[in-house]
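As written in TrEMBL, here are the features:
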- 562-573: compositional bias 'Low complexity' (COMPBIAS)
- 574-595: compositional bias 'Basic residues' (COMPBIAS)
- 675-684: compositional bias 'Polar residues' (COMPBIAS)
- 45-80: domain 'FCS-type' (DOMAIN)
- 1-32: region 'Disordered' (REGION)
- 558-651: region 'Disordered' (REGION)
- 671-692: region 'Disordered' (REGION)
- 141-245: repeat 'MBT' (REPEAT)
- 253-349: repeat 'MBT' (REPEAT)
- 351-456: repeat 'MBT' (REPEAT)
- 464-560: repeat 'MBT' (REPEAT)
Amino acid sequence: MFDGYDSCSEDTSSSSSSEESEEEVAPLPSNLPIIKNNGQVYTYPDGKSGMATCEMCGMVGVRDAFYSKTKRFCSVSCSRSYSSNSKKASILARLQGKPPTKKAKVLQKQPLVAKLAAYAQYQATLQNQAKTKAAVSMEGFSWGNYINSNSFIAAPVTCFKHAPMGTCWGDISENVRVEVPNTDCSLPTKVFWIAGIVKLAGYNALLRYEGFENDPGLDFWCNVCGSDIHPVGWCAASGKPLVPPRTIQHKYTNWKAFLVKRLTGAKTLPPDFSQKVSESMQYPFKPCMRVEVVDKRHLCRTRVAVVESVIGGRLRLVYEESEDRTDDFWCHMHSPLIHHIGWSRSIGHRFKRSDITKKQDGHFDTPPHLFAKVKEVDQSGEWFKEGMKLEAIDPLNLSTICVATIRKVLADGFLMIGIDGSEAADGSDWFCYHATSPSIFPVGFCEINMIELTPPRGYTKLPFKWFDYLRETGSIAAPVKLFNKDVPNHGFRVGMKLEAVDLMEPRLICVATVTRIIHRLLRIHFDGWEEEYDQWVDCESPDLYPVGWCQLTGYQLQPPASQSSRESQSGSSKQKKKAKSQQYKGHKKKRKMPVGKKPVSLSSLPMTGGVRRSFSGDEELTPPPYRTLPAQTAPEAFPPPSTSREFSPSLKTVTALQLKEELIDGEDYHFLQGASDQESNGSANFYIKQEP
């Protein structure tokens, strides 16, 4: 093992960081006159007569349809672009290799007023060009420095079964020894030395060279799955020299004896660790595969898309009808939003037929077995029915759990659900959840677990009470026993750091923190941003990743927003906020983009009447009505990932997931007092306790 010990070395090079600048856009002038159009009076831009003007793009529309409480922007795209500006183009280009997407269309815009407002924006831009623009630099982000300086704890890799090495991470922990390049040496060849793991944060490990004892002077962070990390004995087998660091090379006269003493009984990586890392990063999805994916402009239907690229299991899908290949959608290959070709027809889901009559050369349908399987359900007995009430995470505002209604029962256990008070008359903003989805809950779930439930838009009898609402609407609650009650032993704890997808802009993966745990439901907070931008996510969501995942896969990580940039971006809006006198708390504004974040292409605004809710804000023709199909047998349940064999006698593998199920019978129920906010991994009685 120690035959590789030698006395020659080569210094490794350090990486350099770059600085980027950001331009600021001045707000529109507010001294424009009153405009008359078709006999109606509109004011600009205060909206006192029912209209408002976007401070970013200058478009004018109905004030109630505008974004955020302050009604300053027409869409989430403009809200983020207002504070992102020139930075967005370069960041998006680096990640996708394409220009930024177009801004979302404005809801209910008035042509004449829009032209005048656009002209005012043009005049303001000309005046602003004459001024000197201050450059804003973006400091490089380092997970190691971020964790060390704040004593943070990262979620272990074993919490993420979909991530590389998630099911075969083993007992890699502190005090595990590895062989790494020796950077404290001036010899002309690359040499190595043995280091021990001092602290583990996801894939990243804080390493300390053997011989430094309690001296952290040369400690360094490194990705354990990187190519320069090897198990002890690799140098001897590969003929690589082991050389002690120059700082301590005179500390001992017999380094070989020192290593034998230090490493006897110590743990190291398994010999095939690098092979397992490589195998776990092989993905079955390939470019040119065709899939059915949710239409980001109309959540009620799916469209055909083609896999453009695969990064760490995440797919960049381009809608098949996109001629310039810029109309895209990001998701993980295990996302419930993608399906095999023909899935929509098989269950009776709406589908937008492509104008392309035949497949393009090289494109082929993705094999159905590559998609995540849903749990098999029995719809022959008591089952969900149209009109039943429940609570659901709003897919267009993931920080809220809302009052919802089952609008359509599809085959194979799938349900079409609408948010009460925010639905379009034609049902074009319904969204599809499976009956076993962890994003739907029985009536009373929020009250029991002390979560704020968002009442229907316009509902005035507050505080909201389910008993009164069911009586007023003549509705019934969906039976509790039909909901998914499985709670895996996921391992997450409050305060753990991770990398999480901003599901309101799926291109972005951001530094995030687990701030609350309700059984299998996690509250994800994006570091540097206010709580209103938090998102509820399932513990097994493929949109959560360990610390260091972006570095491992080559994806771009969005750093936390700095306090100075956050204050400068939101200061003006905060000054205009009214006192907390409003009773209704509806859909909150989405976050503004910090320095270094890419532009947004998915935005939405929940609307009443005939206006459609979508990811993009665009308005299109109403899709064709649903086609009712008979129920079909659900596909075979997807087997849980199996644990790998033991790496070595000194390393143990992770035990299998421990799933608990609470079987509840009966129809009468009442709220369980004193059992709310049970932040644990157990199933407990977190739904509604049944009457005996």
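Each residue's number is its place along the chain shown, starting with 1.
Placed from the backbone N, Cα and C atoms, the Cβ positions cover glycine too.
Mean per-residue pLDDT, taken over the repeat 'MBT' (351-456), amounts to 91.
When the stretches 141-245, 253-349, 351-456 are ranked by Cβ pairs under 8 Å to the repeat 'MBT' (464-560), first place goes to 141-245.
The DSSP breakdown of the repeat 'MBT' (464-560) into helical (H, G, I), extended (E, B) and coil residues amounts to 19 helix, 33 strand, 45 coil.
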